[in-house]
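A.B. asks: Below you will find the structure I want to go over with you.
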Amino acid sequence: MKIFGHRPSFLIIGVLILYCFSHVRSDASDHRYKDGDSVPLYANKVGPFHNPSETYRYFDLPFCSPDRVKEKKEALGEVLNGDRLVSAPYKLNFKEEKDSSVVCKKKLSKDEVVILRKAVHKDYYFQMYYDDLPIWGFIGKVDKEGKTDPSEYKYFLYKHIQFDVLYNKDRVIEVSARMDPHSLLDLTEDKEVEAEFMYTVKWKETDTPFEKRMDKYSMSSSLPHHLEIHWFSIINSCVTVLLLTGFLATILMRVLKNDFIKYGQDEEAADDQEETGWKYIHGDVFRFPKYNSLFAAAIGSGTQLFTLTVFIFMLALVGVFYPYNRGALFTALVVIYALTSGIAGYVATSFYFQLEGKNWVRNLLLTGCLFCGPLFLTFCFLNTVAIAYSATAALPFGTIVVIVLIWTLVTSPLLVLGGIAGKNSKAEFQAPCRTTKYPREIPPLPWYRSAIPQMAMAGFLPFSAIYIELYYIFASVWGHRIYTIYSILFIVFIILLIVTAFITVALTYFQLAAEDHEWWWRSFLCGGSTGLFIYAYCLYYYYARSDMSGFMQTSFFFGYMACICYGFFLMLGTVGFRASLFFVRHIYKSIKCE
């Protein structure tokens with residue numbers, strides 16, 4: 001059976017991937033400056049340090065603002081990432097040092113003091129970009145020393161920032177911001193205060209070449225001792241899982257070998273024995289599943305998500321998603337998902353016709369909505385929450401229009417074209433055994449052979465293979481760590497696919513050996529059950545490993561993780577079913593079925 005469409009679809013996807021590659025790489029600044037030249041400095045956002053999704057515009061807090069605030073035009077991925085860059089009030093001209101320059105003097109009203117005190121209490125940080133290099137800093141500090149009662153805490157705002165900039169000839173290489181701990185503004189009391197905000201700029205030459213200026217941002221995850229522990233933990237996990245998988249595979253092969261010997265006896269000997277086990281149900285094993293339209297749509301969507309994941313890994317491994325390439329991942333996800341929708345249409349429709357389906361248009365609509373529908377509903381709810389909070393996570397109307405246009409003009413037409421190609425493929429389902437007219441009755445089975453216990457067993461082993469890596473991914477996506485070691489992630493992904501395929505095949509065999517021929521949906525559910533384990537891990541991570549809090553952050557975390565885990569469910573379910581289908585065809589082809 002063909003999984004991917006014809007050659008033209010590969011060409012289209014390849015062209016789009018190249019576009020995506022060139023687009024995301026173009027974000028890197030490659031400006032050369034002369035002494036005294038103005039270097040772009042943009043203020044991005046502020047927010048609670050422990051709530052990565054809850055970010056606000058920089059000037060939502062009563063900081064010094066320039067006379068005219070200019071907004072930087074941003075790409076789709078940057079907007080989806082919550083970036084809202086505006087011109088900053090600081091002037092950091094190339095190689096021009098400043099010592100305690102005054103940004104502005106302003107009187108903070110009582111309400112503004114309250115706003116800033118709440119921000120300091122919640123550990124607000126700010127983020128800026130100087131020549132496309134990120135700068136962070138905390139806006140203030142809480143003095144808790146020697147105080148046990150929170151009402152006695154003192155709140156201070158930093159008034160003085162020192163920018164340290166490294167340069168190599170005519171290029172900016174590195175920038176950092178330090179807050180002066182001696183220049184503080186007391187915000188403890190609700191009263192008007194006079195504030196004088198200042199900044200210092202220091203320049204220093206370095207030998208670091210421009211091409212390696214982003215390396216320092218990945219150093220934290222690539223330090224030798226961190227990397228050694230990371231590799232050791234991954235290898236330990238993978239070896240354990242693969243040994244267990246190999247042990248089960250050996251048992252399964254020996255059992256299958258005995259089955260083939262038993263079922264391969266001559267006809268007279270076979271007539272003396274009553275058929276039992278998986279050969280006994282050869283007339284029912286290829287009976288098409290219930291809800292064949294939904295099943296075909298799930299296989300189509302899962303195949304698309306698998307293709308999307310492979311392309312994302314390809315881009316990651318060639319270095320597209322380098323640290324702080326703003327919005328690159330989101331741009332790639334949107335573009336590649338739109339382009340691969342033809343694969344979903346082709347696979348779903350061709351498989352639907354193999355299952356003797358008639359209403360292919362309804363099947364195509366179901367395929368288009370199976371993943372996008374829940375994602376769209378989740379987005380609508382979370383975007384409403386973000387609007388209520390006035391957070392930068394709320395997408396502007398123009399961006400929503402762009403996404404709708406991409407879905408209308410790219411995703412939907414490709415889905416329909418894929419569906420038409422699948423309808424015209426005229427592929428027939430290849431079954432080595434004839435299916436009887438009436439299904440056999442399934443014998444009563446013990447509780448542990450039902451769907452839910454089987455899913456629990458099927459999901460645990462693949463989850464244990466990725467458990468360690470999940471922490472690093474979560475700390476990157478829902479924290480402030482930087483993930484750069486995509487080679488490890490790719491190895492873990494390959495092991496996840498292998499273990500998912502094998503455990504689903506093993507459980508399918510045991511199900512058929514128990515004369516239960518309804519294996520189609522079961523193999524899909526068992527393969528995808530790892531997604532449910534990942535969502536259970538989300539609960540653990542939120543309450544035990546993170547300091548996230550508040551309705552907005554909680555809803556964003558569990559809402560978007562539900563969509564991601566649902567995507568994993570469809571993708572791994574497809575992998576599990578394909579592996580089981582290959583296995584079932586193989587074993588029934590190896591025996592003589594009348």
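Note that Cβ sites are derived from N, Cα and C of the backbone, with glycine treated the same way.
Straight out of TrEMBL:
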- 1-26: signal peptide (SIGNAL)
- 229-252: transmembrane segment (TRANSMEM)
- 294-322: transmembrane segment (TRANSMEM)
- 328-353: transmembrane segment (TRANSMEM)
- 365-389: transmembrane segment (TRANSMEM)
- 395-417: transmembrane segment (TRANSMEM)
- 455-474: transmembrane segment (TRANSMEM)
- 486-512: transmembrane segment (TRANSMEM)
- 524-544: transmembrane segment (TRANSMEM)
- 556-584: transmembrane segment (TRANSMEM)
A.B. asks: So which of 294-322, 328-353, 455-474, 486-512, 524-544 has the most C-beta pairs under 8 Å when paired with the transmembrane segment (395-417)?
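C.D. replies: It is 328-353, which has the most Cβ pairs under 8 Å.
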A.B. asks: The transmembrane segment (524-544) vs the transmembrane segment (455-474): three or more C-beta pairs under 8 Å (separation of 6 or more)?
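C.D. replies: Stretch pair touches.
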A.B. asks: Using a Cβ cut-off of under 8 Å, list the residues of the same chain at least 6 residues beyond the transmembrane segment (556-584) that approach it.
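C.D. replies: Residues 3, 53-54, 285-286, 298-299, 301-303, 305-306, 309, 370-371, 374-375, 378, 381-382, 385-386, 393, 458, 462, 478, 496-497, 500-502, 504-505, 508-509, 512, 519-520, 523-532, 534-535, 538, 542, 548 contact the transmembrane segment (556-584) from elsewhere in the chain.
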